[in-house]
Amino acid sequence: MSIGFSAVAIPALVSYDQTQISWFASMASLATPLGCVVSGPIADRFGRKIAIAVVNTTAFIGWIIVGSAYYLTEQQYAVILVGRFMTGLATGLCGTPAAVYMAEIASPELRSVFTTWVSLFYALGIFWVYLLGFLFKDDWGTISFIGAAFPLVGMIFLKYFIPESPSWLVAKNRVDEAKNNMCKLYGTKNYDEDVQSEIEILLSSRGQKKYTHQKTLPQQFAKKVKLLMRRSFWKPFLLVITYFFFQQFTGIFVIMFYAIDIVKGAKVEMDAYVTIVLIATARLVAMLLLSYCSKHYGRRPLSILSGTGMAICMLILGSYILCIKQGIIDEENEKKLAMIPVILLILYFFISTMGFYPIPFALSSEVYPRNIRGTAAGLGAGANFLFNFITVKIYPSMVDSMSSYGVFFFYGGMSVIGTIFVIFFLPETRGKTLEEIQDYFVKKKEDNFTNRLEKGDTA
(Lines of atoms letter the chains of each structure in order from A and count residues from 1; the text may use other names and numbers.)
(Lines give C-alpha, C1' and ligand atoms only; values in the text may rest on other atoms or scores of the structure.)
Protein backbone atom coordinates (compact mmCIF):
# COMPACT_ATOMS: atom_id res chain seq x y z
CA MET A 1 0.00 0.00 0.00
CA SER A 2 2.87 2.37 0.70
CA ILE A 3 3.92 2.28 -2.97
CA GLY A 4 0.52 3.37 -4.28
CA PHE A 5 -0.45 5.70 -1.42
CA SER A 6 1.20 8.82 -2.82
CA ALA A 7 -0.83 8.50 -6.03
CA VAL A 8 -4.17 8.88 -4.20
CA ALA A 9 -2.93 11.39 -1.60
CA ILE A 10 -1.13 13.90 -3.85
CA PRO A 11 -4.32 15.35 -5.42
CA ALA A 12 -5.45 16.39 -1.90
CA LEU A 13 -2.15 18.06 -0.98
CA VAL A 14 -2.93 21.26 -2.87
CA SER A 15 -1.11 23.53 -0.41
CA TYR A 16 2.28 21.93 -1.10
CA ASP A 17 4.67 22.99 -3.85
CA GLN A 18 6.32 20.70 -6.39
CA THR A 19 9.44 20.15 -4.29
CA GLN A 20 7.39 19.17 -1.25
CA ILE A 21 5.26 16.83 -3.34
CA SER A 22 8.34 15.13 -4.81
CA TRP A 23 9.71 14.55 -1.30
CA PHE A 24 6.33 13.26 -0.13
CA ALA A 25 6.24 10.77 -3.00
CA SER A 26 9.88 9.70 -2.74
CA MET A 27 10.37 9.66 1.06
CA ALA A 28 9.14 6.08 1.32
CA SER A 29 11.61 5.08 -1.40
CA LEU A 30 14.43 6.82 0.47
CA ALA A 31 13.76 4.63 3.53
CA THR A 32 13.18 1.41 1.61
CA PRO A 33 16.87 0.69 0.80
CA LEU A 34 17.71 0.94 4.50
CA GLY A 35 15.01 -1.63 5.25
CA CYS A 36 16.31 -3.88 2.49
CA VAL A 37 19.89 -3.76 3.77
CA VAL A 38 19.03 -4.55 7.40
CA SER A 39 16.32 -7.11 6.59
CA GLY A 40 18.84 -9.62 5.26
CA PRO A 41 21.02 -9.74 8.40
CA ILE A 42 17.89 -9.83 10.58
CA ALA A 43 16.50 -12.74 8.57
CA ASP A 44 19.82 -14.60 8.61
CA ARG A 45 20.53 -14.10 12.32
CA PHE A 46 17.09 -14.20 13.95
CA GLY A 47 15.06 -16.15 11.40
CA ARG A 48 12.66 -15.45 8.57
CA LYS A 49 9.67 -15.36 10.93
CA ILE A 50 11.14 -12.75 13.28
CA ALA A 51 12.11 -10.63 10.28
CA ILE A 52 8.52 -10.66 9.01
CA ALA A 53 7.26 -9.72 12.51
CA VAL A 54 9.54 -6.66 12.41
CA VAL A 55 7.92 -5.72 9.09
CA ASN A 56 4.41 -5.81 10.54
CA THR A 57 5.36 -3.74 13.58
CA THR A 58 7.12 -1.07 11.52
CA ALA A 59 4.28 -0.83 9.00
CA PHE A 60 1.66 -0.48 11.74
CA ILE A 61 3.54 2.39 13.40
CA GLY A 62 4.11 4.13 10.07
CA TRP A 63 0.46 4.05 8.98
CA ILE A 64 -0.71 5.32 12.37
CA ILE A 65 1.68 8.28 12.08
CA VAL A 66 0.52 9.14 8.55
CA GLY A 67 -3.14 8.85 9.53
CA SER A 68 -2.61 11.09 12.56
CA ALA A 69 -0.97 13.76 10.38
CA TYR A 70 -4.23 14.18 8.46
CA TYR A 71 -5.79 15.85 11.50
CA LEU A 72 -2.89 18.21 12.24
CA THR A 73 -2.81 21.86 11.25
CA GLU A 74 0.75 22.57 12.37
CA GLN A 75 3.81 20.49 11.47
CA GLN A 76 1.61 18.30 9.28
CA TYR A 77 4.18 18.02 6.51
CA ALA A 78 6.99 16.94 8.85
CA VAL A 79 4.80 14.30 10.50
CA ILE A 80 3.70 12.98 7.10
CA LEU A 81 7.33 12.57 6.05
CA VAL A 82 8.12 10.66 9.25
CA GLY A 83 5.18 8.33 8.64
CA ARG A 84 6.12 7.88 4.98
CA PHE A 85 9.67 7.06 6.05
CA MET A 86 8.37 4.35 8.40
CA THR A 87 6.06 2.79 5.82
CA GLY A 88 8.88 2.85 3.27
CA LEU A 89 11.17 1.21 5.81
CA ALA A 90 8.56 -1.54 6.25
CA THR A 91 8.41 -2.02 2.48
CA GLY A 92 12.16 -2.56 2.42
CA LEU A 93 12.08 -4.89 5.39
CA CYS A 94 9.35 -6.98 3.78
CA GLY A 95 10.62 -8.16 0.41
CA THR A 96 13.71 -10.16 1.35
CA PRO A 97 12.45 -12.38 4.21
CA ALA A 98 9.15 -13.03 2.43
CA ALA A 99 10.77 -13.98 -0.89
CA VAL A 100 13.51 -16.04 0.74
CA TYR A 101 10.96 -17.85 2.92
CA MET A 102 8.88 -18.72 -0.15
CA ALA A 103 11.93 -20.01 -2.00
CA GLU A 104 13.07 -22.14 0.94
CA ILE A 105 9.77 -23.88 1.63
CA ALA A 106 8.81 -24.54 -2.00
CA SER A 107 9.74 -27.53 -4.14
CA PRO A 108 11.67 -26.80 -7.37
CA GLU A 109 8.47 -27.43 -9.36
CA LEU A 110 6.45 -24.87 -7.38
CA ARG A 111 9.19 -22.42 -6.42
CA SER A 112 8.75 -20.37 -9.60
CA VAL A 113 5.09 -19.91 -8.61
CA PHE A 114 5.62 -19.20 -4.91
CA THR A 115 8.42 -16.67 -5.43
CA THR A 116 6.08 -14.51 -7.54
CA TRP A 117 3.58 -14.34 -4.68
CA VAL A 118 5.54 -11.52 -3.02
CA SER A 119 4.92 -9.41 -6.12
CA LEU A 120 1.32 -10.65 -6.17
CA PHE A 121 0.73 -9.20 -2.72
CA TYR A 122 2.47 -5.97 -3.74
CA ALA A 123 -0.02 -5.78 -6.61
CA LEU A 124 -2.90 -6.58 -4.26
CA GLY A 125 -1.81 -3.78 -1.91
CA ILE A 126 -1.62 -1.28 -4.77
CA PHE A 127 -5.06 -2.33 -6.02
CA TRP A 128 -6.46 -1.94 -2.52
CA VAL A 129 -5.04 1.55 -1.95
CA TYR A 130 -6.21 2.73 -5.39
CA LEU A 131 -9.68 1.38 -4.62
CA LEU A 132 -9.67 3.16 -1.25
CA GLY A 133 -8.59 6.32 -3.05
CA PHE A 134 -11.65 6.03 -5.27
CA LEU A 135 -13.97 5.35 -2.30
CA PHE A 136 -12.45 7.99 0.02
CA LYS A 137 -11.31 10.71 -2.37
CA ASP A 138 -8.97 13.19 -0.63
CA ASP A 139 -9.48 11.44 2.74
CA TRP A 140 -6.00 10.01 3.00
CA GLY A 141 -6.30 9.88 6.80
CA THR A 142 -8.97 7.19 6.67
CA ILE A 143 -6.99 5.33 4.02
CA SER A 144 -3.95 5.36 6.33
CA PHE A 145 -5.83 3.97 9.33
CA ILE A 146 -7.28 1.20 7.16
CA GLY A 147 -3.72 0.51 6.04
CA ALA A 148 -2.68 0.07 9.69
CA ALA A 149 -5.18 -2.77 10.09
CA PHE A 150 -3.37 -5.06 7.65
CA PRO A 151 -0.12 -5.50 9.60
CA LEU A 152 -2.21 -6.26 12.71
CA VAL A 153 -3.91 -9.10 10.87
CA GLY A 154 -0.51 -10.15 9.55
CA MET A 155 0.90 -10.44 13.08
CA ILE A 156 -1.92 -12.76 14.14
CA PHE A 157 -1.55 -14.91 11.03
CA LEU A 158 2.23 -15.08 11.46
CA LYS A 159 2.01 -16.14 15.10
CA TYR A 160 -0.44 -19.00 14.65
CA PHE A 161 -0.05 -20.26 11.07
CA ILE A 162 3.49 -19.65 9.79
CA PRO A 163 6.31 -22.02 10.92
CA GLU A 164 9.95 -20.96 10.77
CA SER A 165 11.87 -21.98 7.65
CA PRO A 166 13.33 -25.51 8.03
CA SER A 167 16.24 -24.46 5.83
CA TRP A 168 17.20 -21.68 8.25
CA LEU A 169 16.75 -23.97 11.26
CA VAL A 170 19.06 -26.59 9.75
CA ALA A 171 21.65 -23.88 9.02
CA LYS A 172 21.49 -23.03 12.74
CA ASN A 173 21.83 -26.72 13.72
CA ARG A 174 18.28 -26.84 15.10
CA VAL A 175 17.48 -30.03 13.23
CA ASP A 176 14.67 -31.31 15.48
CA GLU A 177 12.76 -28.04 15.07
CA ALA A 178 13.37 -28.21 11.34
CA LYS A 179 11.83 -31.71 11.23
CA ASN A 180 8.74 -30.54 13.14
CA ASN A 181 8.27 -27.52 10.90
CA MET A 182 8.79 -29.57 7.76
CA CYS A 183 6.00 -31.88 8.96
CA LYS A 184 3.73 -28.84 9.41
CA LEU A 185 4.51 -27.60 5.91
CA TYR A 186 3.83 -31.06 4.46
CA GLY A 187 0.61 -31.31 6.47
CA THR A 188 1.62 -34.49 8.26
CA LYS A 189 2.13 -35.39 11.89
CA ASN A 190 4.56 -38.19 11.10
CA TYR A 191 8.18 -37.95 10.04
CA ASP A 192 7.59 -39.74 6.71
CA GLU A 193 9.88 -40.43 3.76
CA ASP A 194 9.17 -37.13 2.00
CA VAL A 195 10.03 -35.10 5.09
CA GLN A 196 13.10 -37.23 5.77
CA SER A 197 14.30 -36.77 2.20
CA GLU A 198 13.95 -32.98 2.39
CA ILE A 199 15.79 -32.82 5.72
CA GLU A 200 18.61 -34.98 4.36
CA ILE A 201 19.00 -32.65 1.37
CA LEU A 202 19.26 -29.67 3.71
CA LEU A 203 21.76 -31.46 5.93
CA SER A 204 23.85 -32.45 2.92
CA SER A 205 23.84 -28.88 1.63
CA ARG A 206 24.86 -27.61 5.04
CA GLY A 207 27.89 -29.87 5.18
CA GLN A 208 30.25 -29.61 8.11
CA LYS A 209 30.33 -25.81 8.38
CA LYS A 210 30.48 -23.95 11.64
CA TYR A 211 27.43 -21.93 12.43
CA THR A 212 27.36 -18.17 12.64
CA HIS A 213 25.47 -18.20 15.96
CA GLN A 214 28.53 -19.77 17.59
CA LYS A 215 30.71 -16.77 16.65
CA THR A 216 31.01 -13.22 17.94
CA LEU A 217 29.44 -10.39 15.95
CA PRO A 218 32.82 -9.15 14.60
CA GLN A 219 33.62 -12.70 13.48
CA GLN A 220 30.23 -13.03 11.80
CA PHE A 221 30.70 -9.68 10.06
CA ALA A 222 34.17 -10.64 8.83
CA LYS A 223 32.82 -13.93 7.53
CA LYS A 224 29.96 -12.18 5.71
CA VAL A 225 32.38 -9.76 4.05
CA LYS A 226 34.55 -12.67 2.93
CA LEU A 227 31.54 -14.47 1.49
CA LEU A 228 30.44 -11.31 -0.32
CA MET A 229 33.80 -11.18 -2.11
CA ARG A 230 33.23 -14.54 -3.74
CA ARG A 231 32.11 -15.18 -7.31
CA SER A 232 29.03 -16.95 -5.96
CA PHE A 233 27.83 -13.56 -4.69
CA TRP A 234 29.01 -10.83 -7.00
CA LYS A 235 28.16 -12.52 -10.30
CA PRO A 236 24.45 -13.07 -9.50
CA PHE A 237 24.39 -9.74 -7.64
CA LEU A 238 25.44 -7.81 -10.76
CA LEU A 239 22.81 -9.68 -12.76
CA VAL A 240 20.05 -8.91 -10.27
CA ILE A 241 20.80 -5.22 -9.71
CA THR A 242 21.10 -4.61 -13.45
CA TYR A 243 17.66 -6.14 -13.94
CA PHE A 244 16.41 -3.99 -11.04
CA PHE A 245 17.90 -0.91 -12.74
CA PHE A 246 15.86 -1.55 -15.86
CA GLN A 247 12.78 -2.35 -13.77
CA GLN A 248 12.93 1.13 -12.24
CA PHE A 249 14.04 3.18 -15.25
CA THR A 250 11.34 1.73 -17.50
CA GLY A 251 8.81 3.57 -15.33
CA ILE A 252 7.03 0.65 -13.68
CA PHE A 253 7.22 2.04 -10.15
CA VAL A 254 7.17 5.73 -11.07
CA ILE A 255 3.73 5.33 -12.62
CA MET A 256 2.49 3.67 -9.42
CA PHE A 257 3.67 6.63 -7.32
CA TYR A 258 2.29 9.34 -9.63
CA ALA A 259 -0.61 7.41 -11.15
CA ILE A 260 -3.20 10.22 -11.03
CA ASP A 261 -0.83 12.83 -12.47
CA ILE A 262 0.44 10.45 -15.16
CA VAL A 263 -3.08 9.48 -16.20
CA LYS A 264 -3.93 13.16 -16.63
CA GLY A 265 -0.66 13.78 -18.48
CA ALA A 266 -1.51 10.93 -20.86
CA LYS A 267 -4.63 12.85 -21.96
CA VAL A 268 -7.03 10.29 -20.49
CA GLU A 269 -10.61 11.58 -20.57
CA MET A 270 -11.98 8.99 -18.12
CA ASP A 271 -12.12 9.79 -14.39
CA ALA A 272 -8.53 9.44 -13.15
CA TYR A 273 -9.47 7.40 -10.07
CA VAL A 274 -11.52 4.96 -12.13
CA THR A 275 -8.61 4.64 -14.55
CA ILE A 276 -6.05 3.78 -11.88
CA VAL A 277 -8.41 1.21 -10.35
CA LEU A 278 -8.69 -0.41 -13.80
CA ILE A 279 -4.90 -0.31 -14.12
CA ALA A 280 -4.44 -1.92 -10.70
CA THR A 281 -7.04 -4.55 -11.60
CA ALA A 282 -5.11 -5.37 -14.78
CA ARG A 283 -1.93 -5.77 -12.73
CA LEU A 284 -3.69 -8.05 -10.25
CA VAL A 285 -5.11 -10.21 -13.04
CA ALA A 286 -1.67 -10.39 -14.64
CA MET A 287 -0.12 -11.52 -11.35
CA LEU A 288 -2.68 -14.31 -11.04
CA LEU A 289 -1.98 -15.33 -14.63
CA LEU A 290 1.75 -15.21 -13.92
CA SER A 291 1.30 -17.82 -11.19
CA TYR A 292 0.25 -20.20 -13.97
CA CYS A 293 2.69 -19.00 -16.64
CA SER A 294 5.74 -19.10 -14.37
CA LYS A 295 5.13 -22.81 -13.79
CA HIS A 296 5.00 -23.59 -17.51
CA TYR A 297 7.30 -20.98 -19.04
CA GLY A 298 10.75 -19.79 -18.05
CA ARG A 299 12.01 -16.47 -16.70
CA ARG A 300 13.66 -15.61 -20.01
CA PRO A 301 10.70 -15.85 -22.41
CA LEU A 302 8.43 -14.04 -19.95
CA SER A 303 11.00 -11.27 -19.49
CA ILE A 304 11.55 -10.86 -23.23
CA LEU A 305 7.80 -10.75 -23.88
CA SER A 306 7.36 -8.25 -21.06
CA GLY A 307 10.14 -5.88 -22.13
CA THR A 308 9.03 -5.92 -25.77
CA GLY A 309 5.41 -5.18 -24.87
CA MET A 310 6.38 -2.38 -22.47
CA ALA A 311 8.51 -0.73 -25.15
CA ILE A 312 5.70 -0.85 -27.70
CA CYS A 313 3.14 0.61 -25.26
CA MET A 314 5.36 3.47 -24.09
CA LEU A 315 6.55 4.42 -27.58
CA ILE A 316 3.00 4.44 -28.97
CA LEU A 317 1.73 6.45 -25.98
CA GLY A 318 4.53 9.00 -26.38
CA SER A 319 3.78 9.29 -30.10
CA TYR A 320 0.06 9.75 -29.42
CA ILE A 321 0.65 12.61 -26.96
CA LEU A 322 3.21 14.22 -29.29
CA CYS A 323 0.67 14.13 -32.13
CA ILE A 324 -1.83 15.95 -29.91
CA LYS A 325 0.80 18.53 -28.92
CA GLN A 326 1.74 19.12 -32.57
CA GLY A 327 -1.89 19.42 -33.65
CA ILE A 328 -1.69 16.34 -35.87
CA ILE A 329 -4.62 14.94 -33.90
CA ASP A 330 -7.26 17.66 -33.60
CA GLU A 331 -9.73 18.07 -30.74
CA GLU A 332 -12.51 16.16 -32.50
CA ASN A 333 -10.31 13.15 -33.26
CA GLU A 334 -8.81 13.31 -29.78
CA LYS A 335 -12.26 12.67 -28.33
CA LYS A 336 -12.77 9.75 -30.70
CA LEU A 337 -9.41 8.28 -29.71
CA ALA A 338 -9.84 8.99 -25.98
CA MET A 339 -9.60 5.31 -25.03
CA ILE A 340 -6.19 4.81 -26.64
CA PRO A 341 -4.12 6.08 -23.66
CA VAL A 342 -6.31 4.10 -21.24
CA ILE A 343 -5.79 0.90 -23.23
CA LEU A 344 -2.04 1.53 -23.58
CA LEU A 345 -1.56 2.17 -19.85
CA ILE A 346 -3.57 -0.92 -18.93
CA LEU A 347 -1.60 -3.03 -21.42
CA TYR A 348 1.67 -1.58 -20.14
CA PHE A 349 0.86 -2.51 -16.55
CA PHE A 350 -0.43 -5.93 -17.59
CA ILE A 351 2.60 -6.84 -19.66
CA SER A 352 5.13 -5.41 -17.18
CA THR A 353 3.58 -7.61 -14.50
CA MET A 354 4.30 -10.68 -16.61
CA GLY A 355 8.05 -10.13 -16.43
CA PHE A 356 9.96 -6.96 -15.57
CA TYR A 357 7.97 -6.27 -12.40
CA PRO A 358 8.07 -9.61 -10.49
CA ILE A 359 10.97 -11.59 -11.95
CA PRO A 360 13.88 -9.56 -10.49
CA PHE A 361 12.40 -10.08 -7.02
CA ALA A 362 11.98 -13.80 -7.70
CA LEU A 363 15.58 -14.08 -8.91
CA SER A 364 16.81 -12.49 -5.67
CA SER A 365 15.42 -15.42 -3.72
CA GLU A 366 16.99 -18.04 -6.00
CA VAL A 367 20.48 -17.09 -7.14
CA TYR A 368 22.46 -16.62 -3.91
CA PRO A 369 24.09 -19.26 -1.64
CA ARG A 370 22.01 -20.13 1.42
CA ASN A 371 24.57 -18.85 3.94
CA ILE A 372 24.32 -15.30 2.57
CA ARG A 373 20.94 -15.48 0.84
CA GLY A 374 19.16 -13.10 3.20
CA THR A 375 21.99 -10.56 3.28
CA ALA A 376 22.59 -10.71 -0.48
CA ALA A 377 18.91 -10.44 -1.34
CA GLY A 378 18.64 -7.48 1.04
CA LEU A 379 21.55 -5.68 -0.63
CA GLY A 380 20.04 -6.27 -4.05
CA ALA A 381 16.63 -5.02 -2.97
CA GLY A 382 18.31 -2.02 -1.34
CA ALA A 383 19.97 -1.12 -4.63
CA ASN A 384 16.62 -1.53 -6.38
CA PHE A 385 14.81 0.90 -4.13
CA LEU A 386 17.70 3.35 -4.32
CA PHE A 387 17.03 3.36 -8.06
CA ASN A 388 13.35 3.73 -7.17
CA PHE A 389 14.04 6.81 -5.02
CA ILE A 390 16.00 8.43 -7.85
CA THR A 391 13.31 7.81 -10.48
CA VAL A 392 10.45 8.96 -8.24
CA LYS A 393 12.31 12.07 -7.06
CA ILE A 394 13.32 13.24 -10.54
CA TYR A 395 10.01 12.49 -12.28
CA PRO A 396 8.50 16.01 -11.84
CA SER A 397 11.72 17.55 -13.19
CA MET A 398 11.69 15.14 -16.14
CA VAL A 399 8.15 16.19 -17.04
CA ASP A 400 9.13 19.88 -16.82
CA SER A 401 12.15 19.43 -19.08
CA MET A 402 10.97 16.70 -21.47
CA SER A 403 7.16 17.01 -21.35
CA SER A 404 5.05 13.93 -20.73
CA TYR A 405 5.59 12.47 -24.20
CA GLY A 406 9.37 12.75 -23.76
CA VAL A 407 9.15 10.83 -20.49
CA PHE A 408 7.16 8.06 -22.19
CA PHE A 409 9.73 7.92 -25.01
CA PHE A 410 12.46 7.61 -22.36
CA TYR A 411 10.68 4.71 -20.66
CA GLY A 412 10.12 3.04 -24.02
CA GLY A 413 13.79 3.36 -24.93
CA MET A 414 14.88 1.93 -21.58
CA SER A 415 12.47 -0.98 -22.14
CA VAL A 416 14.22 -1.75 -25.43
CA ILE A 417 17.67 -1.70 -23.79
CA GLY A 418 16.40 -3.78 -20.88
CA THR A 419 15.04 -6.41 -23.25
CA ILE A 420 18.41 -6.63 -24.99
CA PHE A 421 20.04 -7.14 -21.59
CA VAL A 422 17.63 -9.99 -20.80
CA ILE A 423 18.30 -11.69 -24.14
CA PHE A 424 22.06 -11.76 -23.66
CA PHE A 425 22.55 -12.13 -19.92
CA LEU A 426 19.54 -13.62 -18.10
CA PRO A 427 19.93 -17.36 -17.34
CA GLU A 428 16.95 -19.67 -17.05
CA THR A 429 16.20 -20.93 -13.52
CA ARG A 430 12.79 -22.57 -13.90
CA GLY A 431 12.69 -26.16 -12.68
CA LYS A 432 16.22 -26.07 -11.24
CA THR A 433 17.04 -26.62 -7.58
CA LEU A 434 18.59 -23.76 -5.64
CA GLU A 435 21.84 -25.74 -5.46
CA GLU A 436 21.91 -26.19 -9.26
CA ILE A 437 21.34 -22.48 -9.82
CA GLN A 438 24.16 -21.56 -7.45
CA ASP A 439 26.48 -24.05 -9.16
CA TYR A 440 25.94 -22.16 -12.42
CA PHE A 441 27.36 -18.97 -10.97
CA VAL A 442 30.45 -20.52 -9.37
CA LYS A 443 31.60 -22.80 -12.18
CA LYS A 444 34.13 -21.15 -14.47
CA LYS A 445 33.94 -23.75 -17.21
CA GLU A 446 30.65 -24.31 -18.93
CA ASP A 447 29.16 -27.77 -18.76
CA ASN A 448 25.96 -29.08 -20.25
CA PHE A 449 23.90 -27.62 -17.46
CA THR A 450 25.27 -24.10 -17.85
CA ASN A 451 24.80 -24.30 -21.58
CA ARG A 452 21.15 -25.15 -20.99
CA LEU A 453 20.81 -22.24 -18.58
CA GLU A 454 22.32 -19.70 -20.92
CA LYS A 455 20.26 -20.90 -23.84
CA GLY A 456 17.12 -20.60 -21.74
CA ASP A 457 16.14 -24.25 -21.92
CA THR A 458 12.72 -24.56 -20.30
CA ALA A 459 12.25 -28.25 -20.78
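These residue numbers are counts, starting from 1, taken along the chain as shown.
Cβ atoms here come from the backbone N, Cα and C positions, even for glycine.
Feature list (source: TrEMBL):
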DOMAIN    1-430  domain 'Major facilitator superfamily (MFS) profile'
TRANSMEM  21-43  transmembrane segment
TRANSMEM  50-71  transmembrane segment
TRANSMEM  77-101  transmembrane segment
TRANSMEM  113-136  transmembrane segment
TRANSMEM  142-162  transmembrane segment
TRANSMEM  237-260  transmembrane segment
TRANSMEM  272-290  transmembrane segment
TRANSMEM  302-322  transmembrane segment
TRANSMEM  342-363  transmembrane segment
TRANSMEM  375-395  transmembrane segment
TRANSMEM  407-426  transmembrane segment
Within the predicted model, mean pLDDT of the domain 'Major facilitator superfamily (MFS) profile' (1-430): 85
Interface check, the transmembrane segment (342-363) with the transmembrane segment (113-136), three or more C-beta pairs under 8 A: yes
Result, the transmembrane segment (77-101) in contact with the transmembrane segment (21-43) (3+ CB pairs under 8 Å): yes
Region pair the transmembrane segment (237-260) / the transmembrane segment (375-395), three or more CB pairs under 8 Å: yes
Tertiary contacts of the transmembrane segment (302-322), as residues 6+ beyond its ends and Cβ separation under 8 Å: 246, 250-252, 265-267, 290, 293-294, 329, 337, 340-341, 344-345, 347-348, 351-357, 359, 403-409, 411-413, 415-416, 418-419, 422-423, 426
Sequence-remote partners of the transmembrane segment (272-290) [C-beta within less than 8 Å, at least six residues beyond its ends]: 4, 7-8, 116, 119-120, 123-124, 126-127, 130-131, 133-134, 137, 259-260, 263-264, 302, 342, 345-347, 349-351, 353-354, 357-358
Non-local residues, at least 6 beyond the ends, that sit with Cβ under 8 Å of the transmembrane segment (50-71): 1-2, 5, 35, 39, 42-43, 79-80, 82-90, 93-94, 96-98, 101, 139-142, 144-145, 147-148, 150-152, 154-155, 158, 162, 374
Paired segments the transmembrane segment (142-162) and the transmembrane segment (375-395) in contact, 3+ CB pairs under 8 A: no
Distal contacts, the transmembrane segment (77-101) - CB-CB under 8 A, six or more residues away: 1-3, 5-6, 16, 20, 23-24, 27-40, 42-43, 48-49, 51-52, 54-56, 58-59, 61-69, 115, 118, 121, 144, 147, 151, 165, 361-362, 364-365, 373-374, 377-378, 381-382, 385
Beyond the flanks of the transmembrane segment (407-426) by at least 6 residues, Cβ under 8 Å: 239, 242-243, 246-247, 249-251, 266, 299-300, 303-304, 307-308, 310-315, 317-318, 321, 356, 395, 398-399, 456
Remote residues contacting the transmembrane segment (113-136) - C-beta distance under 8 A, at least 6 residues beyond either end: 1-5, 7-9, 94-95, 98-99, 102-103, 105-106, 142-143, 146-147, 150, 256, 259, 273-274, 276-277, 279-281, 283-284, 286-288, 290-291, 294-295, 353, 357-359, 361-362, 365-366
